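**Q** Below you will find the structure I want to go over with you.
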Amino acid sequence: MSYATSLYLTGAEIGLSLTGLVLLLVAAWGGTKSARLLTMVSVAALIGAAIFSIGLFDRATSEVAGRAFGDLYRADAFGSFAKILIYLASAAVLVVTPRFFAQSGSYRAEYPVLLLFNAVGMGMMVSATDLMTLYIGLEMSSLSSYVLASFLKQDGRSSEAGLKYFVLGALASGIILYGVSLVYGFTGSTNYEGIRAAFETNFSTGALFGVVFVLAGLAFKVSAVPFHMWTPDVYEGAPTPVTAFFASAPKVAAMGMLLRMAMDPFAGEVDSWRQIVIFSALASIVVGALGAIGQQNLKRLLAYSSINNVGFILIGLAAATQAGVAASLTYVAIYVAMTVGSFTALLMLRAPDGTNLETFADISGLSTKRPALAWSLLAVMFSLAGIPPLFGFWGKFVVFQAAVQANLVALAAIGIAASVIGAFYYLKFIKVMFFDEPTREIETTSPLSHWAVLAICVAIISPLGYLLTIPLGEWTAQAAASFVAAM
Amino acid sequence: MEFPILSLMLAIPLAGAMACLFLGAQSARMVALVATLLNLVLGIVLWMNFEIGGAQWQFVERAEIFAGFSYALGIDGIALMLIMLSVFLMPICILASWDAIEKRVGEYMSAFLLMEVLMIGVFAAQDMFLFYIFFEAGLIPMYLIIGVWGGDNRIYASYKFFLYTLLGSVLMLIAMMWMVNEAGTTDIPTLLNYDFPPAAQTWLWLAFFASFAVKMPMWPVHTWLPDAHVQAPTAGSVILAGVLLKLGGYGFIRFSLPMFPEASEQFAWLVYILSMVAVIYTSLVALVQNDMKKLIAYSSVAHMAIVTVGLFAFNVQGIEGAMMVMLGHGLVSGALFLCVGVIYDRLHTREIARYGGLSINMPKYALFFLLFTMASIGLPGTSNFIGEFLALAGIYKVSTLVTLVCTTGIILGAAYMLYLYRRVAFGDQKNADAAAMPDLNAREWAMLAPIAAAVLWMGVYPESFLAPMRQDIAALEARIARAAPDFDADNVIGTPREHNANYVAPAHGEGHGEEGAH
């Protein structure tokens, strides 16, 4: 394997890093004035990286199985699929960001740069096939996330969110690192293939501890119960565009990392970790649903909703089959569209004086004031609740089907019954928007960029999305086949 | 490939629904009426071209445009009749909402047209998951119809309706996935003849039962129905009673009985008991209602119980009767809700005591109301008589006790309906405002007259409706015959006695010895 091949396979990350570095210089000299330009360049770079990843999707598997730098990094179909989602989600979130900060005059040129470096880290997370690469990617992404969470320096809640995220995130990183060191100690390898081979010959109790610690740390990153406590606070405190970002791209990255970790190095020990995943999945679904019921703040509610959704994604992992991983990826893809759509709609809710609206009382009677926005939110909410014919149903459908095919019928039955609890608070959204009388003034126009992002998301989750089921099924199956053998 | 008439029947209301969202009130009403009338015409074309005694599945369409399931449509006689019921009631619903709905007319009409798409889709789907999608999607427009345009307590009712039915159906989805995994196909006609292991059937049957019993609704999971009915606008109640309740019965016919015959037999007692309780209990509850819509809602539960006993009679009469009750009840209870709507629009109350003596100032209205009251009771010559008689004749072949109890329910039905009619239409004109109400206008005539004609047609010449279904019901009966329960009052052929009754045994023990020698 030549060095050039390695560089080619990591092209997306390298391109993003270089763009980030150049933009950093521009930001240093250009100051806040250049923020708008930087945002546009960053969006272009992210879309470019996504297109590059699409190009790698088919090819990488043929060439040295996409291994780069001595199998520290693998640009396989799985990594490419996750990266496409990550880059597109980041770009979409970046498009709707500036307007939020512009109103308080706090938008600065560092924002897009931080997001770019975050994207590099996320790309590494999903492609890492070595514990060291994994950890570097994870920290790169996490550190920029902590800064982003506290981006509104003057706002106490934002700083609080940043601090909370940092302290708890550091704890999780520590747990992962501890697990990693145990795994390394018992296997003598940091490479995924090496670990897998070593576990096959000998899986001791100490190694089991390592696996559990690593999975616990990753559960924190995907905000699965019982490591979810930070999510509502951080989501509520962070500026709304940052919350939108947290709920979309880093979720994909963390989920991708978890899927690869569980099904590649730990694939031989499914029976050891399956019960943990099952517990976490069901607990996430239930806690995510029950926790959301009393919430008045929409961002907090969406935080619980994301916990709830992670539970469903984990059901695909609990199946521990190729179909299960493919199902989780399908769910993640649809989840990204729903999340970006819901937060974009949230960003479009502003009072005439420019303050952001983010409680239930603010959106009451929205359907009479802004029917198009209300109908879009209706589609997003029914989709999140998993009601057909919206596309969110398909995500639930494939994960539950994977569970049933893996003979986890009881898990599927309990999970789907618990999803009815979740439907309750999504319905509340619709009830408030459609059934209640309007109480407050609301801005009547939104910029075209927001509409464009929202329209794309709603088009994907509308029944038209079902036309995507065949290609989506093929892509996710191919992605899952990168490291999971078919049964 | 032949002309895709079923897809067209889905596409027309869908296009109308999209258009209505962007139109003003008056044009939305017109678009909705035209779209539903077009669909009625297409429905009639469908019926005319349905070949009785031909292939079991006709107008079949199939397109592999989804992963995991297909866009497969096709109907048999049973589905045809239920589609006819839907397209027949739809224009009437639009007319009923013509003046009654004043706010957000475009969105209202859009929700109704979407409802029509989904109902036709449910009856026409030949793929199990496609069926589920249509089945479940119906919750969305109905939730909005109840929640936005409903009565005072509409929010509670809309939540209850949505969550109740959702909880019922999600377990069915898991059961469907298991079946597809086991049988390797999502095609309903294939699955109809697939024999699942009896042990698994038990669970699958229960999962489907959870869904269909709620939709039906059967006692004790019927409580969402009175709330939803009372709070929904008139046309919403018509569609709810007329078509949505039929989804449960259709589900039993299409899935539970043919796919799990053994489990159906195993749980028949459960269905009988729930139905017997429902017939008696809800009839008694209906008797004491002060709210007209609530009374009719409870009567629906009682009628649906006759449907379930008919279905689980496992014989042709029972199933034919159940289908006829469903069709007849769809027309009659829809019409009764319209009758309530007519006077509600004038006086804005559903309280029975606020009316009285309407036959004096509204004679035409009273006549229609009388006809539908009699039809609801099941008077010979009306649609419900045919269905109830057949269903009870069917169940008599299985259990005389169930027949006895259910027939009692029909007598109670006569009691509460006649009592309602007496209080509303006869007696003195106690209330001046009720006495001043004008009689039916042309629009209301146009709503009630077609239903009245259909009710009489079905009562006098039911053959038109039974003929398309006969072959399919016979096929169903043949499929489930192997599990049919025994007749409880069957003549037991005992072992013949050795001697005549007046035989006197000989004094000696020799007789025994002689018999041993035979």
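The backbone N, Cα and C atoms fix where each Cβ goes, and this holds for glycine too.
All annotation found in TrEMBL is predicted automatically rather than curated by experts.
This is the feature table in TrEMBL:
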DOMAIN    B:58-120  domain 'NADH:ubiquinone oxidoreductase chain 4 N-terminal'
DOMAIN    B:125-410  domain 'NADH:quinone oxidoreductase/Mrp antiporter transmembrane'
TRANSMEM  B:6-24  transmembrane segment
TRANSMEM  B:31-50  transmembrane segment
TRANSMEM  B:70-96  transmembrane segment
TRANSMEM  B:108-125  transmembrane segment
TRANSMEM  B:131-149  transmembrane segment
TRANSMEM  B:161-180  transmembrane segment
TRANSMEM  B:200-218  transmembrane segment
TRANSMEM  B:238-257  transmembrane segment
TRANSMEM  B:269-288  transmembrane segment
TRANSMEM  B:295-316  transmembrane segment
TRANSMEM  B:365-386  transmembrane segment
TRANSMEM  B:398-421  transmembrane segment
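Can you tell me where each of these features sits in the structure?
**A** Below 8 angstroms of C-beta separation, residues 31-32, 34-36, 38-39, 42-43, 46, 59, 61, 73-75, 83, 87, 90, 105-107, 109-111, 113-114, 116-117, 120-121, 124 of the same chain, each at least six residues beyond the ends of the transmembrane segment (B:6-24), sit close to that stretch.
Residues 5-6, 8-9, 12-13, 15-16, 19-20, 23, 58-59, 75, 77, 80, 83-84, 87-88, 90-91, 93-95, 109, 112-113, 116, 120, 468 of the same chain lie 6 or more positions beyond the ends of the transmembrane segment (B:31-50) yet place their CB under 8 Å from a CB of it.
Same-chain residues lying 6+ beyond the ends of the transmembrane segment (B:70-96) with a Cβ under 8 Å from its Cβ atoms: 6-7, 9, 13, 29, 32-33, 36-37, 39-40, 42-43, 46-47, 50, 52, 56-64, 109, 112, 116, 119-120, 123-127, 130, 186-189, 234-235, 238-239, 242-243, 246, 250, 253-254, 323, 326-327, 330-331, 334, 338, 341, 443, 446-447, 450-451, 454, 465, 467-473.
Counting residues 6+ beyond its ends, the transmembrane segment (B:108-125) has Cβ neighbours under 8 Å at 6, 9-10, 13-14, 16-18, 20-21, 28-29, 31-32, 35-36, 39, 72-75, 79, 82-83, 86-87, 90, 93-94, 97, 101, 131, 133-135, 137-138, 140-142, 144-145, 148-149, 188, 235, 239, 243-244, 247, 250 in the same chain.
Here the transmembrane segment (B:238-257) has long-range neighbours at 78-79, 82, 85-86, 89-90, 92-93, 96, 112, 115, 119, 122-123, 135, 138, 142, 188, 205, 208-209, 211-218, 225, 228-229, 232, 263-264, 296-297, 300, 304, 307-308, 311-312, 319, 322-323, 326, 329-331, 333-334, 337-338, 341, 476, 479-480, meaning same-chain residues at least 6 beyond its ends whose C-beta is under 8 angstroms from one of its own.
For the transmembrane segment (B:269-288), the list of distant contacts is 213, 218-220, 222, 294-295, 298-299, 301-302, 304-306, 308-309, 311-312, 399, 402, 405-406, 408-409, 412-413, 415-416, 419: same-chain residues at least six beyond its ends, Cβ to Cβ under 8 Å.
Sequence-remote contacts of a segment are chain residues at least 6 beyond its ends whose Cβ falls under 8 Å from one of its Cβ atoms, and for the transmembrane segment (B:295-316) they are 216-219, 222, 225-226, 229-230, 237, 241, 245, 248-249, 252-253, 257, 264-265, 268, 271-272, 274-276, 278-279, 282-283, 285-286, 289, 322, 325-326, 329, 333, 336-337, 340, 352, 376, 384, 387-388, 390-392, 394-395, 397-398, 402, 406, 409-410, 412-413, 416-417, 420, 473-474, 477, 480-481, 483-485.
Residues of the same chain lying 6 or more positions beyond the ends of the transmembrane segment (B:365-386) and with a Cβ under 8 Å from any Cβ of it are 299, 303, 321, 324-325, 327-329, 331-333, 335-336, 339, 342-343, 358-359, 410, 413-414, 417-418, 420-421, 424-425, 439-440, 444, 448, 451-452, 454-456, 458-460, 462.
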**Q** For the transmembrane segment (B:398-421), could you work out the same-chain residues 6 or more beyond its ends whose Cβ comes under 8 Å from its Cβ atoms?
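**A** Contacts with the transmembrane segment (B:398-421): 268, 272, 275-276, 279-280, 283-284, 286-287, 289, 292, 295, 299, 302-303, 305-306, 309, 313-315, 318, 352, 369-370, 373, 376-378, 388, 392, 484-489.
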**Q** Per DSSP, what is the residue count of the domain 'NADH:ubiquinone oxidoreductase chain 4 N-terminal' (B:58-120) in each of helix, strand and coil?
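**A** So the domain 'NADH:ubiquinone oxidoreductase chain 4 N-terminal' (B:58-120) is made up of 36 helix, 11 strand, 16 coil.
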